[in-house]
Amino acid sequence: MSGGDMAKPLLGHRSMEGDPSITPAAGRTIGVLGSGDFARSLAIRLVCSGFKVVVGSRNPKRKAGLFPSAAEVTFQAEAVKKTDVIFVAIFREHYSTLCDLADVLAGKILVDVSNNTEINHNKESNAEYLASLFPACTVVKGFNVVSAWTLQSGARDGNKQVLICSNNQEAKRTVAEIAQVMGFTPVDMGCMSSACEIENIPLRLLPAWKIPIFLALGLFLCFFTYNLVRQVIHPYIREQKNKFYKIPVEVVNTTLPCVAYVMLSLVYLPGVLAACSQLYYGTKYRRFPDWLDQWLQHRKQIGLLSFFCAALHAVYSLCLPMRRSHRYQLIETAVKQAAEKKMNIWVEEEVWRMEIYISVGIIALGLLSLLAITSLPSIANSLNWREFSFIQSTLGFIALVISTLHTLTYGWSRAFDENQYKFYLPPTYTLTLLVPCTVILAKVVFNLPCIQQRLLRIRRGWEKGRYVKFVLPSAMGEYSSGETSSNV
């Protein structure tokens, strides 16, 4: 089993791929009850995998044309009689229509593939409800996290995992065998009590992205409001100038790099906090607080959102000269220069500042692109751990340093100009420097030999105050126990 994200069990249970108890199942007959989109896709995938498929429908003549010619479409009772493994691809509210087949279904393995319309819609899972209707059958929950499109196009176009749970180990092995032949990775989720959680998985919308997205939106709103006050409200109140036209492009473009810069620093800040915790307690075995643990787990999403904002900032910056307002300002500046008979307005310092600012920004965006690309499972799987760590940690920190240089060259000496403080508010870029500079300073401190060696020892298993017992021979020929610190 590969080590990529796609091969990791979604709920932390073990994969059944490579289990010696799972034997090839191609060629056996599989039943499918239902004639909807999922049932049709399931039948296509089963046929392509070498299974004989019997589809049970209430209207076989009308539905036969929707299924592959290799699949037999007949009445439900006939389909049930021809196989021992049956996929129940009908809605929960229609389970009761199968009660007439209870005698024929006795002893069969029923694979429930259904999902709910909302999370925890019913007190009991669909699979548990099906098992209560047919106590003589063995019910297995599975295939509900796989889409109809993935079934038709193949496992390579979707998540390879098939989560399986049941109270019967033999039934789970049989279904896992079928899933493996179909090209999926069966994952044993335990007993039937896990069915409710499995059914909730397809209903969750980007569960790992909610906190990072809300964080990014919160930062965007804060910086946007701050920039709006400085760039639009201040000149309107103090100078009676209408600059509301800046809101769609200039204010947004000033806000995006602030969000990207702070988000990038928030990727590496939890690592600093974790190192501080390990140094303070002198062990790596003490559990981090829940908020820090969650923060560490969301670093990938935070980093990708940082790259997204940086990319938008680059696009917005390229579009700045295209605005009509910019053209008017150029003409107005040229007219003023002609009226004042200024022939040379070249400012060497400003030229160098902008050249360095743009060059460093391009390098920072390039490094962020590299970090984003290597975070993709398909790319990460081609790297060993040292390569992946070097790119994400070392190059990521370099990207943060270069982004800091990008910000500093943008501010230059203007941070000390009192005219830049609108309503006594400091320029936005000075605020964004707080968190990144803290991270950079902490990284520098951690690289000091005295601290680096101690942190390295802790991460290799050394613990402060840990004692080991040993035995000393006494003068009487007996043995007495003593203690010594492990760090001696």
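Just so you know, glycine gets a Cβ as well, placed from its N, Cα and C.
For reference, TrEMBL has these:
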DOMAIN    29-116  domain 'Pyrroline-5-carboxylate reductase catalytic N-terminal'
TRANSMEM  211-229  transmembrane segment
TRANSMEM  259-281  transmembrane segment
DOMAIN    259-401  domain 'Ferric oxidoreductase'
TRANSMEM  302-323  transmembrane segment
TRANSMEM  356-376  transmembrane segment
TRANSMEM  388-408  transmembrane segment
TRANSMEM  428-450  transmembrane segment
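Note: the stretches the transmembrane segment (428-450) and the transmembrane segment (259-281) are in contact (3+ CB pairs below 8 A, sequence gap of 6 or more). The domain 'Ferric oxidoreductase' (259-401): residue composition by secondary structure is 119 helix, 0 strand, 24 coil, according to DSSP. Within its own chain, the transmembrane segment (211-229) has Cβ neighbours under 8 Å at 247, 251-252, 254-256, 258-259, 262-263, 266, 294, 298, 301-302, 305, 309, 422-423, 425, 428, 431, counting only residues six or more beyond its boundaries. The residues of the domain 'Pyrroline-5-carboxylate reductase catalytic N-terminal' (29-116), classed with DSSP into helix (H, G, I), strand (E, B) and coil, number 39 helix, 23 strand, 26 coil. Mean pLDDT, taken over the domain 'Pyrroline-5-carboxylate reductase catalytic N-terminal' (29-116), works out to 93 on the 0 to 100 scale.
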